[in-house]
Each structure stands twice: as structure tokens, then as C-alpha cells.
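In TrEMBL this protein carries:
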- B:R116, B:K156, B:161-167, B:191-194, B:E199, B:H222, B:277-278: ATP binding site (BINDING)
- B:120-307: domain 'ATP-grasp' (DOMAIN)
Protein chains: 2
Amino acid sequence: MSAPRPAPLTGALLPPGSTLGILGGGQLGRMIALAAANLGYRSHIYGPDADPPAGQVAAAATIAAYDDEAALAAFAAAVDAVTYEFENVPAATVEFLAARKPVRPGAKALAVAQDRVAEKTFANGRGAATAPFRAVDSRADLDAAVAALGLPAVLKTRRLGYDGKGQAMIRTAADLDAAFAAMKGQPAILEGFVDFTAEISVVAARGVAGDVAVFDPVENRHRHHILDVTIAPAPALPAATALRAQTIAHDFLIALDYVGVLAIEFFVTADGALLVNEMAPRVHNSGHWTIEGAETSQFEQAARAALGLPLGCPLRRGRAVMLNLIGDDAHAHGRLLLAEGAHLHLYGKAEARPGRKMGHVTRVLTDDAVPAEAAIAALRAAVTPSAR
Amino acid sequence: MSAPRPAPLTGALLPPGSTLGILGGGQLGRMIALAAANLGYRSHIYGPDADPPAGQVAAAATIAAYDDEAALAAFAAAVDAVTYEFENVPAATVEFLAARKPVRPGAKALAVAQDRVAEKTFANGRGAATAPFRAVDSRADLDAAVAALGLPAVLKTRRLGYDGKGQAMIRTAADLDAAFAAMKGQPAILEGFVDFTAEISVVAARGVAGDVAVFDPVENRHRHHILDVTIAPAPALPAATALRAQTIAHDFLIALDYVGVLAIEFFVTADGALLVNEMAPRVHNSGHWTIEGAETSQFEQAARAALGLPLGCPLRRGRAVMLNLIGDDAHAHGRLLLAEGAHLHLYGKAEARPGRKMGHVTRVLTDDAVPAEAAIAALRAAVTPSAR
């Protein structure tokens, strides 16, 4: 109409109206799809489960197994780029899709994050400390590992663990047989016990052009091995430790030639050491606060990265607290809609099973008048009035 | 698991997982569906157009005419409550649906807002001033109306007008024939010309329990009869005028026994008078800034009201500017993704036709360092670099 338009900034940038393929149809895929929609993009969900929560907000959904090559080929043909909401996507699935369309993050990051031994070896190779560990493939390996690391220690499957699943605490030699049996013959890892004072995490992103955006470190508190509360920024974390955690995230993104969102969980020990605990090559529960609490959410960063767009600004809009709604907690939605400052998110899951992540609620604090602990207590009181 | 849960706050509250029916599948319906999804609800879009933008983010879409009773009956059976994204829904459609499921806002508000004479008569009846007006059903009516109101004046169809469509300016008697012919025999209204200094609007909401939430008045600037820029709050608006505009919105909500989001456009005249120009019984382009700029967006308020939930807090998070992206403007998305503070929204429309609303971009200003005009200029420069 008026002046001619300049060319797009980069050939990699997928134009609005393009379709983002998302492997996995749970709440993380759902929130990525919502963020992509805000930017004018369609989403296409792929996964084996009927009526995926993410399918309710996506332009298309394919219900098929991860090894169904006909379905995968049709999915690849229908989308313009692929990302995933969970790190246990079979490597063969990613390989099949990556031959057809960009898959972001790529296979290299996925391979590292899928295996606890590879993950810790990678971290140590980058100069980042972890708990001491040994690979355990046999009962003899376990005995040798215990001799090397001492007790207590934690035995974990190398793959497919989450929310405390596939883990066994070993306090004394009497626990060894049961712990080894609990691995059900899968390759395992023994991790030396870490006496930490806080668990923190950093969520960071890297775009196709190499741009990096790192959110502030947050503190995470768990209940029954499931994330309960996130506080942003992590309170009482020394500035040098916060910067060190962000620097590690930045370095990992570069080292893995990463495109997408990466979450790194750390232990902070009593003497101030920072130990990498786990990495997730995806958006992360500890980043949910960014929807209201940051200029750009982790979900928008994931969509931008996968679609070849530049990343957005990761700065905080204030302090934030996030409370997970597990199982029956979601029944408090009526009160949470009225709770001061509360931003309620429910995930569209039909059945509130115990331990199931049904939603979360975030409050952003823009002045110092309300301590984070008081904000958490107020949200918790809305979830369970009898606990007051 | 622990203490027994108290009963829900109100029987009217539809539980998460319920389905919100939305008449109309454009960008407003799309943004209501996205807001409903954040709260854990499904959306079902209904409208005659293929591939509606809102359908890309809804659990279901019915493509059918507004007078297709079989399709409407199936739609009513599939949803738990109904709202709409545009005021020109046929009254018979709303009546048909309202006999089956709650329709919010209701038929009364829709009837008032669909007819410019009814709208102004209602406003005057509530003590709110409007431009002087006369109903015009014949050429003789027009002559009498011009004699009463003087020239210049504007002749408009009573129904179905938007973005300047169905309007004819009458500057001299020589314009009368053409203006009357432009109405094509439809019932019309002659409005006395108003020499205004600013156009402002108030977006407000009322819930099923009678709770009211009113956003701050904003200033709107148009180009070619289409909204170009919104500034929140309206700069240079005297506090008494702002309060008067909000009070009128509050009063209208009560008087109409309204449930949902109502937008009221006002003219502010040189002597500080406030004249009601138009009402829209729905979310409004001048409320798009609320997505990032307010604690609760107008879209979430619309979803909450329609679903029987309590309204959220309407307070601003700062000042905000919103720039509409019309036609080719949307091609600037690559630069807008990088523009400082810019939150880009594109609506999933395939074709960037001239005059078509393709998206919008909002920037929230949390301190006074950046004037609103500078923020608008920066966004405009990102849309059209050659205009710098």
C-alpha cells in the first residue's frame, strides 16, 4: 500500500500461519500451543493418548504411537517445525522427524538429557560440578559404587525417571538388594547423597540465530517428590551463585548448539557450592511463573525458538510465586479465582487423580510489601481453607 | 486426600472442563477461547465462515449459518454456556440458544446495542448525554431531522454498522440525496456533528453474582475509520471525567442486568462534556491492551462472566499503548518480535487484505521514563521503517 516492505530478517523465520508440531499433548504442550497461537501460529499435537489437554487448543491433533511411521510421516508433512514437551521421546522418533522437518531442540541435547550418566558427564566436562556418581549395570557395579561413594546414596534408573519415579534411597547395606531390584534390570546410576540447603533452577533459551535469553534463578520446593512451590527470584541466593547458575545455563546452550528452552536444576549446598542435578530439554514446571512474571514466558520462548523467531526479553516484571495444583487441589478453583493477585491456570484434565498435575497458580509481587512466604501462605489457604 | 473440600461458592459456577460456546470465530472469539483455555475450559466456535481463526485454538468448531436450527440445537447441546464476539448476532439465534443454555450477555443488552436509536435512547434515559439524533425512515424524516439538528451531521444505518461502514457525512444540503441513497432503504439515524477533542472508551464487566469490574478509560485514535492506537489510561483526561465515564459504564451494566463485557465509546468535547457514542456488548478492540496491561484481561473477564465465575481484578500493571496491525502491517512481525517491550499478537488470518485487522502489538510502560507518544512512535517505526 505505502512503502515497499523490507525482506524478512532471516530465512529461518517461519511466517505466521505456519504450523508448530508438538510431541506430547500434556500441559506443557498445551501452554506452548497457547503461546504459539498468540503469535499467529497453528499447533499440531502428536502423541499416543486420547483427548490430550493440548489438543483442546491446537488446530490439529494426531493420536498415534511414537513408532507409527505412517502417522509420523503424515505429521511431518503437515507441520513446519517440531518441538516436544517431554524428554523421553524415543530417539528413533526424533531421527525420523528430523530427516523431514527441523526438530528443536535437536537430537544431541535430547541424547544428553535422556541419560543421567551422559548428563552428569557432560556437565562435569563443561566444568560444572555434580553429585559424585557411578554407572551401575550390575549388582557388582553397585557394590563397587557404594564402596567408592559411601552411604547414604541414591540409586536411579539412567533413563525415564521423573518426579521421583525410578529412584531408591540406600541408607545402609541392608537396602542394597531392594534398591537394585527396584531398577528392574535397567541401567542405573548411583549418586552420592547431597546435603543441600536449597534446590534452584534456571530456565534458559537459545534461538536459531544464536540469541540467548536466561531467566533469573528460582527456588523450588517439593512435596512427595513433586514440585510444590517456585519462588522467583530464588530468595537468599548470593548474587555470585545466581550468576554462576545462569552462566552454566548459557554455556550448556552453546556447548549443545541448542535451539529451544533448557531447564537446569541445581542443588545449593551449605557451603555455597552449586551442583547440577538434572537437565530438561524443554519447558519446565519451575518456569510457569514466567507467564505473568516475565516479559516473555518460557512457552513463548519455546515457540519462538522452534519456529525460528528471535527470542523475547526474559526480564522479570516483579517477584513471583507459583504454587502447583496437584490432584484435589484443583477443586479450589472457585476460591483461587478470587484470591488476591492469583492467576489461575488449569490444564483441561478430566480426572483429578492423586499426584496428578492439574494446574498451577501464580502471583506476581511488584513491590516489597508482601513477602514471598506470605503470598505462598495466602495461595495455600485458598487451596485448603482448613489448613489456616 | 486430607480435609474435606467445602462446597463450590455458587451453583452458577460452571466447573473446569465445561465448554464455552462462542458465536463468531474471528480474533475476538479467538482471544476469548485462549483466555478460557488458561482457566481450564474448552471452547466451541460457531459461525458461517470456513477455517475461523478462533477454531485454531478451540476444542470444536461448527461451520453453519446463524439460522441453521439443527446446527444450533446440536451446538447448544454440546456447550454449557454461550457468548458472542460481535453484536450483530441475529436476535432469533440468541433466542433459540437462550431457551437451551445461558447466553451471556443476554438478549436485552443485545437489542439495545444492535440499534443506534435504541442505544442513544437508553443512554439518555440513564442520564448520559449523546450527540443530538433523530430516527430517519424516509426522505421526509431526513429533511425534518436536518432542520432540527442543523449541518454538518452524519447519517448512519441504525443497524449493522462498524468501522465507519454504513455512514455518510452530510456537510451541505447538496449531500442529502447521496447520503440518503447510501442507506439503501434501511432504517437510519441522523446524528448532529460533534466537534470532539478526544475519543475515549471504557471496557467494563459484570459477573453472574453482580460483581462489577471496570477498566480505566483509554484514548482511541482512528485511521480511515479503523482503530489505530489505544493509550491506557487516556492521557490528559481530567480525573472527574474519567470517573464519570466509569460511573456511566457501571450504571449501564446494572440497568441492563448485564452479564459479560461491555464497551462504551465516548466523545470528549472541547468544553469537557462526555457524550456516549456507541456501545458494544462484547470485548472490544480498545481493550486489547488489558492482556498484558491489566491484572485480568477483558477476554478472561468475558470468559469468567459467561462461565458464571467471579470476575478478576481489572487494575492496570502500568501504562500501556496498543497499535493495531492492519493489512500489510502484519508483515512487520519479524521486527515487532524484536521491538523493545513489544507484545505481538497475530490472529491466524491467512490473507492480509487492506483494512483487515491482522493483529495488534502492546507495550506496557511501568515507569514514567517513556512517554506514550514515544512508545507509539517506536512501534510504528518497527511496522514501517521507512516512516522514520
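Yeah, the Cβs are placed from backbone N, Cα and C, and that goes for glycine too.
Projection of TrEMBL feature records onto the structure.
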| residue | record | Cβ neighbours (10 Å) |
| --- | --- | --- |
| B:R116 | ATP binding site | 24 |
| B:K165 | ATP binding site | 10 |
| B:E191 | ATP binding site | 22 |
| B:V194 | ATP binding site | 18 |
| B:N277 | ATP binding site | 20 |
Checklist entry - Taking DSSP three-state, what's B:V194 (ATP binding site) in: helix, strand or coil? => result coil
Checklist entry - Any idea what DSSP makes of B:N277 (ATP binding site), helix, strand or coil? => result strand
Next on the checklist: With DSSP assignments reduced to helix, strand and coil, which class does B:R116 (ATP binding site) get?
Outcome noted: helix
